[in-house]
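**Q** This structure is in structure tokens; I'll ask about it shortly.
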Amino acid sequence: MAFPYMEAVVGFMILMYIFETYLDKRQHAALKLPNLPKTLEGLISQEKFEKSRAYSLDKSYFHFVHEFVTILMDSAILFYGVLPWFWKKSGEFVVLVGLNAENEILHTLAFLAGVTIWSQITDLPFSLYSTFVIEARHGFNKQTIWLFFRDLFKGICLAVILGPPIVSAIIFIVQKGGPYLAIYLWGFMFVLSIVMMTVYPILIAPLFNKFTPLPEGELRHKIERLASSLKFPLKKLFVVDGSTRSSHSNAYMYGFFNNKRIVLYDTLIQQCKDDEEIVAVIAHELGHWKLNHTMYSFIAVQILTFLQFGGYTLVRNSSDLFRSFGFDTQPVLIGLIIFQHTVIPLQHLVSFALNLVSRSFEFQADGFAKKLGYSSSLRAGLVKLQEENLSAMNTDPWYSAYHYSHPPLVERLAALDEQDKKED
């Protein structure tokens, strides 16, 4: 008797939903606490705390509903054989439009087109509610319905342009890869990731946001002096018009080798009136570069990608696995989808481990900024970002350990205090 792979996958999905819902309930209880954590008393006003609490609880209620609907749909799709049914229908559609359904690339693209339409339809109500009800209610949403759907349309167009050649290449590699399939797949994805990291900020991101050079002034000079002191090869310093969509704020850097760029959200500049706070945040980001965190993370992703493709090559010819999910053929894309579902347990463990590493990197980057003399400015900047973004003030330790790639503000401030005590 063949192993019931599909039933095992659905069962694990439900178990993980129960476990994560338990963590969500713990976090929800923490969000309902009526008082600020002691570490934040005197740093954040009661008014901001109440606003943060209301925003976090709204998002929490929404999350419960969204996750419940998602697990119902995902389980039903697998359990009732929707995937093989839709694969068959997509093949019939290919024949209907006068093409050859035996061509796996054409069949796969038709299947993906249908899946994309379905996912857009099912996710649209949640996206609209999150953006135009929750985010708007708490003063964050700045985009119009027209801008929302324009972005959606642009995203679909990009998928139509970029998706087919990438999918076609993957299918071709799997069909011709032979014993070195895992290496070929990894090599292709490695090159693709490099190309996308190069192309995205230059050609794709400007389709959605406007990037302008940071004007001459004290802030620009301070950031350039900091970058120069660390020998950071800063080539361009941009401001992005994040305020056209949201009043949330952020900053990031990108680029390879000696061609680095730093991007500040205009909302960050508006919220942090003190330039030193912004420079401290940048010092934290430069700490990630100086301490090679970006390189380590990239290497870790490449290793995990290679291991995943290695695992896929081991199971791709398992007819029992495909039959368990209702398929009498073994299409490349379906094999990848099924494999992703079967390694869900490992993915959760890996994700948890990566979060632990990421959190340690954040503490190290904070320490780096502190050594540069930005301790008080970094504290003020972190508190300001927490306030203005109405981030959760009270967090459950189990929930944050499992979900957060960045430590909660309370832990970051405590770590900075601990370093001060050691130095004293």
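Counting starts with 1 at the first residue shown.
Note: Cβ is positioned from N, Cα and C throughout, glycine not excepted.
Heads up, here are the entries from TrEMBL:
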TRANSMEM  6-23  transmembrane segment
DOMAIN    28-210  domain 'CAAX prenyl protease 1 N-terminal'
TRANSMEM  61-87  transmembrane segment
TRANSMEM  155-175  transmembrane segment
TRANSMEM  181-203  transmembrane segment
DOMAIN    214-418  domain 'Peptidase M48'
BINDING   HIS284, HIS288, GLU362  Zn(2+) binding site
ACT_SITE  GLU285  active site
ACT_SITE  ASP366  active site, proton donor
**Q** Give me the non-local Cβ neighbours of GLU362 (Zn(2+) binding site): same chain, 6+ apart in sequence, Cβ-Cβ under 8 Å, ordered along the sequence.
**A** SER405, HIS406, PRO407, ARG412
**Q** When you measure from the Cβ of ASP366 (active site, proton donor), which residues in the chain that are at least 6 apart have a Cβ under 8 Å away?
**A** HIS284, GLY287, LEU378, ARG412, ALA415, LEU416
**Q** Compare 6-23, 155-175, 181-203 by their Cβ pairs under 8 Å to the transmembrane segment (61-87) and return the stretch that comes out on top.
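**A** Per the Cβ under 8 Å count, 6-23.
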**Q** Within the same chain, and leaving aside HIS284, HIS288, GLU362, name every residue whose CB is within 8 angstroms of the centroid of the CB atoms belonging to the recorded Zn(2+) site, in sequence order.
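**A** My list of surrounding residues reads GLU285, GLY287, HIS293, PHE361, GLN364, ALA365, ASP366, PHE368, ALA369.
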**Q** Same-chain Cβ contacts of the transmembrane segment (181-203) under 8 Å, 6 or more residues past its ends?
**A** 166, 169-170, 173-174, 254-256, 261, 302, 305-306, 309-310, 312-313
**Q** Whose Cβ, among the binding-site residues HIS284, HIS288, has more other Cβ atoms within 10 Å than any of the rest?
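**A** When each Cβ's neighbours within 10 Å are tallied, HIS284 leads.
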